[in-house]
């Protein structure tokens, strides 16, 4: 696209038509090339190199499960009628015959009982949706913990985070469509949460439901979101996401032969295409197996939506669990003090529903933090470099610790979404689980942060020792003077490179701005920077390695190679 | 596509803060390639070829299995056993069909296609010239519009563009076309003086003697089934559902002034709509007089006017004042004296 010629001779134009292909394949290619310039695509992608690693599959799983969900969803649309008009059920499922219900529920039952394969497709659609969000979440964790979101991929991280949110939105709008008791109560909770928003909440609820909850509008509105608006947005963002992957080229793990300037891997044609294409069928096959053998959302058990009945132990789809859990976590009253606060006003007061707002807050912080993370981290570390080599999680101890703290924070809220199930299955007190979780939500992330950082640093020290002294060979030797030593096996240069080719910067300290002043914000940054880099295990330097080799050499004079742990020197902060 | 780059040229980057150590060894380059069995032994390659073909054949069998599930099991006519069999055959059949192809192709790629890793350079991004050229184009384009020289154009355009989308937003107003639009309607339910409490869903009225001490009943107002529109009926029901309990009158621990005659011989009625986010508070524990919402476990004490004793609800359940009519059937004394259901901004004090 750049540095292209700006002037062409007549011969250049004529040359396009002169080429005469010999084979039939060539003729087809030539036809396409003259019209859509296809050879450029083949030249670009035909042998494009993709790095290979099992953790790079999660994004693929997400893409493939989205395709599965689109295919199965398209099938369902041919029978499902998203209408809240009432009908009397006369399908083949006897227990519900004669009951008044919405067309949405009746056609969901028709799909389950009277359309052959309809139940299979429904289950494939639902399991596929669960996997879609799960795969995106795991993919994001991979990207986070390996630092793949760093420059130049920050915007693609935001695209990915948006896809995660959209996936959850797609899932929830679909979950509510069959209009039975379970999904109706899910909508009831949404309605209650909307009403808890100050100033605008009541009206948002009215507009969404077309009046007071539940009204007779919500199903068709959710349907329009579920099959058109949200999938269209997902599709567009997937296109952007993949386009940016091509623009940036894929990241790769550090290792021998890999640098910031190259990509090492398999070419698209044929190896990568075969593996990735085959993998689509594998994902599809596994989803089909699950959908054929594990029941999900047996909606004929619930009955048509009615505001009065409710099941105990009802659970939302897994990705909604965090919202559900945090709603259970926040207390509504502290002693006799209600958290529904009334602001006195001349017109009779306004009410702030803190039990709802305090529930939305932690999830909002988590998601906003997720979106902004690439910039937060770059601001703290001061790293402005392009990063195409991934971090092994242990080599970025603070990031890994922050990540596990966030995951712990999430998991406690998520687990609270199943506190009733945990209580019944483990014979625990529901109230105790809730009380403990109210403490854990504050303590858990801190403990996770400290533990993870310790573990990362310990793993780095182990790496360092291995690099300096080699692997334990499992051979004990006795020296002439009666000492016992274990023989150590030196690493190959390839292995050594993998263990030592990382950066462990030192804290940078506050820097004055252009006016020579150290601002409060800069002080904060410097403080965070110190927290980030202070404890460090430096990679083995050339001098250290040479010393270790010499050390070996001296030992060999005595016929032995030995490395006691006393020599496993550990470089600590400021060393 | 071919010239897509990474946005910044490599030479210009500065080190991370604090710098890094020189590595113990120089990058040794790719590890030596180890040939696979199939690379050196044509017999092994032949074996791999057969394995891949077997997987493809398994796929064909899977497809046939799906057809058996569809046609041989046929219409299940509400028979759950047949349905389960059909679903399993379709699922397992499809799974074999897909896994056969997928595993076959991957096995093929891993054993027979070349496994030499290729090194490709990352293209050095945009050059300084490219960027300067682009910048110049943008500057020229802006100059040619004269937008900088003529602020009137710019300002009026911004104003117009800002308000132009507003009609599109306003047009969503009719998402709610109800006649009684606004939060005021949330203060009223179908309950009123003299409205009988009837069983849900049969609609039969209730005498005090129908309830023994410790029992509970799901109740709707008698005028609810008269509403013909399903949407309106269900919206009214969502506000009017009531849980009716009978306790020993001595067990009431607290009665506020003005509520002395809201119960009848130990019979007490509460809105079933949770004050947290509106789930039905459907579980009643007779020994403790506690009501539990199964969604988020808000717990209310019926002996203390449904005071919140656990969970996320911020307010007690609204109590429905009841009495009996001339025929001895339970009726409401009035509507609820406060809005039922979740807290909302306009709710205010009562």
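Easy rule for this one: first residue shown is 1, then count along the chain.
Backbone N, Cα and C define each Cβ position, glycine as well.
In TrEMBL, the feature transmembrane segment is placed on A:352-376, out of the ranges A:352-376, A:477-501, A:502-526, A:527-551. Looking at A:435-452, A:453-470, the range tied to transmembrane segment in TrEMBL is A:435-452. Range with TrEMBL annotation transmembrane segment, chosen from A:257-278, A:279-300, A:301-322, is A:279-300.
Annotated range for transmembrane segment in TrEMBL, selecting from A:396-415, A:556-575: A:396-415. Between the listed ranges A:94-114, A:157-177, A:178-198, TrEMBL ties the annotation transmembrane segment to A:157-177.
When TrEMBL is compared with the stretches A:26-45, A:126-145, the one noted as transmembrane segment is A:126-145. In the predicted model, the domain 'Cytochrome b/b6 N-terminal region profile' (A:28-254) shows an average pLDDT of 94. By the Cβ criterion (distance under 8 Å, sequence gap of 6 or more), the transmembrane segment (A:223-247) is counted as touching the transmembrane segment (A:157-177), at least 3 such pairs being found. Listed by sequence, the residues of this chain that lie at least six past the ends of the transmembrane segment (A:396-415) yet keep a Cβ under 8 A from its Cβ atoms are 141, 144-145, 147, 318, 321-322, 325-326, 329, 362-363, 366, 369-370, 377, 422, 437, 440-441, 444-453, 456-457, 460, 531-533, 535-536. Counting residues 6+ beyond its ends, the transmembrane segment (A:279-300) has Cβ neighbours under 8 Å at 57, 60-61, 64-65, 67-68, 93, 95-96, 105, 108-109, 112-113, 120, 122-124, 126-128, 130-131, 178, 180, 182-183 in the same chain.
The stretch from A:126-145, A:157-177, A:435-452 with the most CB pairs below 8 A to the transmembrane segment (A:352-376) is A:157-177. The list of residues near the transmembrane segment (A:157-177) in space but at least 6 beyond its ends in sequence, with Cβ under 8 angstroms from a Cβ of it, reads 62, 66, 73, 80, 82, 104, 108, 125-126, 129-130, 132-133, 136-137, 139-140, 143, 149, 183-184, 186-187, 190, 218-219, 222-223, 225-226, 230-231, 233-234, 237-238, 240-241, 244, 316-317, 319-320, 367, 370-371, 373-374.
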